[in-house]
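Going by Swiss-Prot, these are the annotated features:
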SITE      Gln60  site 'Important for oxygen binding and stability of the Fe(II)-O(2) complex'
BINDING   His98  heme binding site
DOMAIN    325-381  domain 'GGDEF'
BINDING   Asp333  Mg(2+) binding site
SITE      Lys338  site 'Transition state stabilizer'
BINDING   Asn341, Asp350  substrate binding site
Amino acid sequence: MEMYFKRMKDEWTGLVEQADPLIRAKAAEIALAHAHYLSIEFYRIVRIDPHAEEFLSNEQVERQLKSAMERWIINVLSAQVDDVERLIQIQHTVAEVHARIGIPVEIVEMGFRVLKKILYPVIFSSDYSAAEKLQVYHFSINSIDIAMEVMTRAFTFSDSSASKEDENYRIFSLLENGEEEKERQIASILSWEIDIIYKVLLDSDLGSSLPLSQADFGLWFNHKGRHYFSGIAEVGHISRLIQDFDGIFNQTMRNTRILNNRSLRVKFLLQIRNTVSQIITLLRELFEEVSRHEVGMDVLTKLLNRRFLPTIFKREIAHANRTGTPLSVLIIDVDKFKEINDTWGHNTGDEILRKVSFLSQKRLVKSKILGAGSSRKLAVS
């Protein structure tokens, strides 16, 4: 991304440098005189789109956005060479905000199209000469297009990062008790193995035993595990091991005389041991691979830390909009925290935070989410 931003900085700088100073001054004049009207007209048109209105219906937000749009128009159309780097950073910041609250890129692109459409009559109704109007329009449109390209590219990057964080949170929430889940599944596959070994050794028969894919572990892996760990190489290895052993198992079930032969029986049991051993090793590696997602947990309070708050808020806002239900966020500030640390020491302060988080979590209903907002604040949604 750094190389891309450098290239766009050079292009934007070139546009400003090559433009006639008089034309730049007239573009800035248009922006200062008409930014307020353009922002009002912009949101009037954009809000006609039902999808866009989801993000713009709140009156307070709309007022903030209108003033922000005014500033954006003035900044972009009044750009000097020394402003370019700052303007690129502004586009990046706006894109990050759009990605964080889930505004689709197509709405952003529609907004730019609307802006260029309503800018045209404003420029051509001015008292400039025909040649000046054309040059001002070209400079303004090119400036907006560069800003749009930077914002869109930054949005795509931020949206991709946000999507990865959403996926990380999904895995984290599913595997919050990863160690317990790992041991449960290892115990499950070992129980299946022991059951078969006993039947083979005592009866030389598999009886009503199930193939691995239909046993408890196999069902968990195929219906949950594969989804939890999607994209990790070990998943494919475990799938092949299950599939290969099911073939051996089904062949043995069809020809039970195999187990009456001592050497074939020993071979079958060794195949079971080898398969289960490999699966357990790979399963441990899978859980170790996702254990890095535990950085999403605050070490002290064992609550979700700020890393996942944007993901959680985005999800909760979307749910509230979809269902038409109110959404509240409670910020709990642990008072006199510095005084406690200074008087009684950090260990006492840490213990108080642990106690507050424990009691808060204990009193919350299951559907509520408690997270650590900062060193002394808890957030509830």
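Note that Cβ sites are derived from N, Cα and C of the backbone, with glycine treated the same way.
Taking the Cβ of Asn341 (substrate binding site) as reference, residues of its chain lying under 8 Å away and at least six apart in sequence are, in sequence order, Thr348, Gly349. Rounded to a whole number, the C-alpha distance linking Lys338 (site 'Transition state stabilizer') with Asp350 (substrate binding site) is 11 angstrom. Cβ-based crowding with a 10 Å cutoff singles out His98 as the top-ranked of the recorded positions His98, Lys338. Here the binding-site residues are Asp333, Asp350, and the one with the most other Cβ atoms within 10 Å of its Cβ is Asp350. A separation of roughly 36 Å, to the nearest angstrom, links the Cα atoms of His98 (heme binding site) and Asp350 (substrate binding site). Geometry remark: the residue listed as 'Mg(2+) binding site' versus Asp350 (substrate binding site), CA distance 14 Å.
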